[in-house]
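> The structure that follows is given in the form of C-alpha cells.
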Amino acid sequence: MGIHSLLYCERLFYLEEVEGILVADDRVYAGRTLHEELEPNEDSSGRIESFHYTSEKLEVSGKVDRIQKRDGDWIPYEHKRGRARIGTNGPEAWESDQCQVTVYALLLEEATGRNISEGKIRYHGSKDLVKIEIDEELRSKALKTIDRAKGLSTSTNRPPVAQNENLCKNCSLAPVCLPEETRVITENEYEPIRLFPEKREKTTLHVFGHDSRIKKSDNVLLVEKVTETGEKSKSEKIPIQEIESVNIHGNCQISSQMIKFLVSEEIPVHWFSGGGNYIGGININPSGVQRRIRQFKALTKETIRLNLAKKLVSAKCESQLRYLLRATRGKDETRNETESYLATIRSGLKNIESADSPSQLLGIEGSSARAYFSGLPALLKNSDPFLVPNGRSKRPPKDPFNATLSFLYSLLYKSVRQAIIAVGLDPSFGFYHTPRSSAEPLVLDLMELFRVSLCDMTLIGSINRKSWIDEDFEITKNKVWLSESGRKKATQLYETRLDDTWKHPVVNYSLSYYRMIELEVRLLEKEWSGEANIFAQARLR
C-alpha cells in the first residue's frame with residue numbers, strides 16, 4: 001500500500017509504489033527478519049496472523065501483521081523494528097505509523113462491518129506497546145493520504161527530493177533518488193554527503209572457450225573445463241549471491257535451465273563472439289514504464305537532444321585533449337609532435353557551443369577523433385612497433401592495437417548497456433547517435449564518456465608496460481583479432497580498470513568507474529526530470 005513511505009517522503013513512495021523500484025538494504029532485511037521470526041502465541045483463539053484485504057471502496061490493499069479480538073472488538077496490530085517516539089506522557093507512535101494503522105482499521109471495518117476504535121503498535125527497538133485511538137482526526141488524515149497516493153500513482157513525473165535532508169541518510173533508495181546530487185544543483189555551496197555506493201559489491205564472471213561448461217550445484221555456480229574425451233580437467237566455484245553478471249565468450253556451453261535460473265536470480269547474461277564482438281544479452285529490465293515515458297517525451301524534443309549532444313561531444317573531445325596533454329607533459333619532443341593534433345581538438349571544442357545540428361557536432365567529433373588517434377602513436381615511442389597503430393581501423397581492425405581497442409569497446413558497450421537497463425531506460429532510444437546498425441543508440445551515446453578513461457588509457461598503459469606477446473593475437477591478410485589468451489588479458493585489464501576509483505569534480509566524492517557508469521545514466525535521467533546540469537560534467541584531470 002505504501003502509506004508509511006508516502007508520509008515519510010512522497011518521492012520514496014513514487015519510486016517504490018509507482019515505478020516499482022525496491023532496494024533491500026540492512027534495515028529492510030532486518031525488518032523482514034523481524035516479521036519472519038515473530039512466532040504466534042500458542043493460544044491463537046480470537047487472533048489472526050497476517051491479515052490481507054483489498055478494498056474496492058478505498059481502492060487500496062493492505063496486509064496487517066496481526067488482528068486480535070478483545071471484548072468482541074477487532075484490534076489491528078503492527079510490528080516495527082525501530083523505537084517509539086518519546087512524548088510528554090511516555091512512548092508515542094510516530095505520525096506515519098499512526099496513519100498506517102488507521103488505514104488498516106478502515107480496511108478491517110470494511111471487511112468485518114464493525115467499527116474499529118483502536119490499534120496497537122509494538123516497537124521492538126524500545127520494547128514499547130503503543131495504543132492508537134482511531135478518532136475522526138486520524139480517519140480524515142488517512143483518507144487524505146490515500147487520495148494523495150492515488151494522485152501520485154497516475155502521474156509520470158517524480159515528486160521533488162525531500163526538503164529534510166536527514167530523511168535521505170537512512171533511505172534505501174538514496175542511490176536511485178540521488179538527493180544529494182540534486183541539492184548540489186539547487187543549493188549554493190552545498191557540500192554533499194555520499195549516499196551513492198563507491199564500488200561494485202559482486203564479481204563479474206567471464207567464461208572463455210568451447211571447452212567450458214557452466215553448471216549449478218546447490219547455490220554455487222560451477223565453471224568446468226572439459227577435455228576432448230569428455231573428462232573434467234578442472235572447475236571454478238563461485239557462490240551465486242556473489243555474481244554480478246555472467247559473460248560468455250565464444251561457444252561455452254550453458255543450458256536453458258541454467259539461463260532460466262540466472263534470470264530468476266536477476267543476474268544478467270551476456271554473449272560475445274569468438275572474435276570479441278558483443279552479440280547480445282539478457283538483462284533484468286525493472287518495472288516502471290514511467291521512466292521510459294519520460295525518456296521518450298524528452299528525447300523527441302530537438303532542443304533537448306541537441307543540448308545533451310553538445311554536453312556529450314564536449315566531454316569526449318575534452319577528455320581526448322586532456323589525455324594527450326597529460327601523456328606528453330614534460331616531454332618536449334613528444335609534445336611538439338602532437339601540437340598540430342592538439343590544436344585541431346582545441347579548435348573543435350571552441351565550435352561545439354555554436355553548433356546548431358547533430359550533423360555539425362558529428363563533423364567536429366570526427367575531426368577531433370582523427371587528430372586524437374593520429375597523436376596516439378607518439379605515446380608509444382618505446383614500444384614494440386608491432387603494437388603501434390597507424391590511425392584508427394575497425395570492421396575489421398587492421399593491427400593488434402585496433403583489434404584490442406575494439407574488444408575493449410565491446411566490453412564497455414556491455415557495461416553501459418547493462419547500466420542503462422538496470423536504471424530502467426530504453427537503450428535503443430538515444431539523443432546523438434542514429435540507429436544505423438544493431439548497436440543501440442543510447443548505449444553508443446553514453447560510451448563516449450568512458451572510451452578514453454576506460455579503454456584508450458588502459459590499452460596504452462598496458463602496451464608501455466610490455467604486457468602483450470605475439471601469441472595474444474591472430475593475424476590474417478585482411479584482419480587482426482585477439483586470441484583467447486589475448487581476450488582474457490584484455491578482459492582482466494578492463495575489469496581492473498573498472499575498480500579504479502576517481503573523484504567526481506561536481507559531486508565531490510570518489511567512486512569506482514564501475515559505479516561512475518551507473519551514476520552518469522542516473523544523472524542523464526535527471527536532465528529531463530527538472531534536475532539538470534550534472535550529466536557529462538566529469539573530466540580527466
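Glycine is no exception: its Cβ is also placed from the backbone N, Cα and C atoms.
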> Name the residue, out of Glu353, Glu448, that Swiss-Prot lists for the same Mn(2+) 2 site as Glu365, His433, please.
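That Mn(2+) 2 site, as Swiss-Prot gives it, pairs Glu365, His433 with Glu448.
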> Looking at Swiss-Prot, Cys168, Cys171, Cys177 are annotated for [4Fe-4S] cluster. Which of Cys9, Cys455 sits in that same site?
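Given Cys168, Cys171, Cys177 bind [4Fe-4S] cluster in Swiss-Prot, the matching entry from Cys9, Cys455 is Cys9.
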> For the binding-site residues Glu78, Glu365, Glu448, which Cβ has the most other Cβ atoms within 10 Å, all shown protein chains included?
Glu365
> Just checking: which of Cys9, Asp65, Glu78, Cys168, Cys171, Cys177 have a Cα that is within 10 Å of the Cα of Glu448 (Mn(2+) 2 binding site), counting only these binding-site residues?
none
> Report the mean pLDDT of the predicted model across the region 'CRISPR-associated exonuclease Cas4' (1-179), rounded to a whole number.
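Averaging the confidence scores along the region 'CRISPR-associated exonuclease Cas4' (1-179) gives 84.
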> By a simple count, how many Cβ atoms lie within 10 Å of the Cβ of Cys171 ([4Fe-4S] cluster binding site), its own Cβ left out?
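Summing over all protein chains shown, Cys171 ([4Fe-4S] cluster binding site) has 22 other Cβ atoms within 10 Å.
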> May I ask which of the binding-site residues Asp65, Glu78, Glu365, His433 is closest to Cys9 ([4Fe-4S] cluster binding site) if we compare their C-alpha atoms?
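Going through Asp65, Glu78, Glu365, His433 one by one, the Cα closest to that of Cys9 ([4Fe-4S] cluster binding site) is Glu78.
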> Out of Cys168, Cys171, Cys177, Glu365, His433, the binding-site residues in the record, which is closest to Glu78 (Mn(2+) 1 binding site) when you go by Cα distance?
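Considering only the listed binding-site residues, the nearest one is Cys171.
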